[in-house]
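Trainee: The annotation ATP binding site is assigned in Swiss-Prot to LYS12, LEU13, SER14, GLY15, GLY55, ARG59, THR162, TYR168, ASP171. Per Swiss-Prot, the feature UMP binding site maps to GLY54, ASP74, THR135, GLY136, ASN137, PRO138, PHE139, PHE140, THR141, THR142. What Swiss-Prot records for 20-25 is region 'Involved in allosteric activation by GTP'.
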Amino acid sequence: MSQPIYKRILLKLSGEALQGEDGLGIDPAILDRMAVEIKELVEMGVEVGVVLGGGNLFRGAKLAKAGMNRVVGDHMGMLATVMNGLAMRDSLFRADVNAKLMSAFQLNGICDTYNWSEAIKMLREKRVVIFSAGTGNPFFTTDSTACLRGIEIEADVVLKATKVDGVYDCDPAKNPDAKLYKNLAYAEVIDKELQVMDLSAFTLARDHGMPIRVFNMGKPGALRQVVTGTEEGTTIC
């Protein structure tokens, strides 16, 4: 088996990646497949942190446009990430993976409150740590959470799992001739206005020299290929 090129990673999974063909909720089969792929990394000795989005359950920004207070909507979105985190933790447990769910705010009896030193300790013990509830503050996306937690836990890379094979020069769903980039510099992404993640999250990663790899989690084995150095997806650094 190929050896991993990363010791510690932060895996960002969108909420949409968890939903099935009906476009709603959580597809247990997808969740279980992701748990098995994460287990492969743990068995290779990789330390894994996970951030989940909540868009499969709730999108606060859309309701904000309809008149809901943005702060209230974002709080609801944070709770959606906790629900996804609970589902992921359960799938990991069933795959015999030791996992800990942490929330950015207190949810006594449901999960632990985020604590940096405790998270580091658990990662060193090869436990998967799931970071939920975003940053705990409104107006910040889960991409920002992924970059923030990745920097805090001193991850080697932020792996952004998407439904496409990496970063393209235009939308591949609309243009079959879209060009896939293999490597990009931070400045290129900004200059070309490429859609990798929101600007706040991206500049946070850039300012702290945190590499980002964008890949298609829908491809079986893609996560392992990324971690073992196979030319999969797009690398930004």
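Cβ atoms are placed via backbone N, Cα and C, with glycine included.
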Trainee: Neighbour count first, Cβ atoms within 10 Å, every protein chain included; then name which of ASN137, THR141, THR162 tops the list of binding-site residues.
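Mentor: Its Cβ has the most other Cβ atoms within 10 Å: THR162.
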Trainee: At a C-beta cut-off of under 8 Å, are there same-chain residues at least 6 beyond the region 'Involved in allosteric activation by GTP' (20-25) that contact it? List them, or none.
Mentor: 56-57
Trainee: Based on Cβ atoms within 10 Å, give me the single least packed residue among the binding-site residues SER14, THR135.
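Mentor: Checked SER14, THR135; of these binding-site residues, fewest Cβ neighbours within 10 Å: THR135.
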Trainee: Using the alpha carbons only, what distance in Å do you get between LYS12 (ATP binding site) and ASN137 (UMP binding site) once rounded?
Mentor: 18
Trainee: To what whole number does the mean pLDDT across the region 'Involved in allosteric activation by GTP' (20-25) round?
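Mentor: Its mean pLDDT is 75.
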Trainee: Counting other CB atoms within 10 A of each CB, which of the binding-site residues GLY54, GLY55 comes out lowest?
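Mentor: Taking GLY54, GLY55 as the binding-site residues, the minimal 10 Å Cβ count falls on GLY55.
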Trainee: Give me the sequence-ordered set of same-chain residues, not including GLY54, ASP74, THR135, GLY136, ASN137, PRO138, PHE139, PHE140, THR141, THR142, with a C-beta within 8 angstroms of the centroid of the UMP site's C-beta atoms.
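Mentor: Once GLY54, ASP74, THR135, GLY136, ASN137, PRO138, PHE139, PHE140, THR141, THR142 are set aside, the remaining close residues are GLY77, MET78, GLY134, SER144, THR145.
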Trainee: Is it possible to list how many residues within the region 'Involved in allosteric activation by GTP' (20-25) are helical, extended or coil according to DSSP?
Mentor: 0 helix, 0 strand, 6 coil
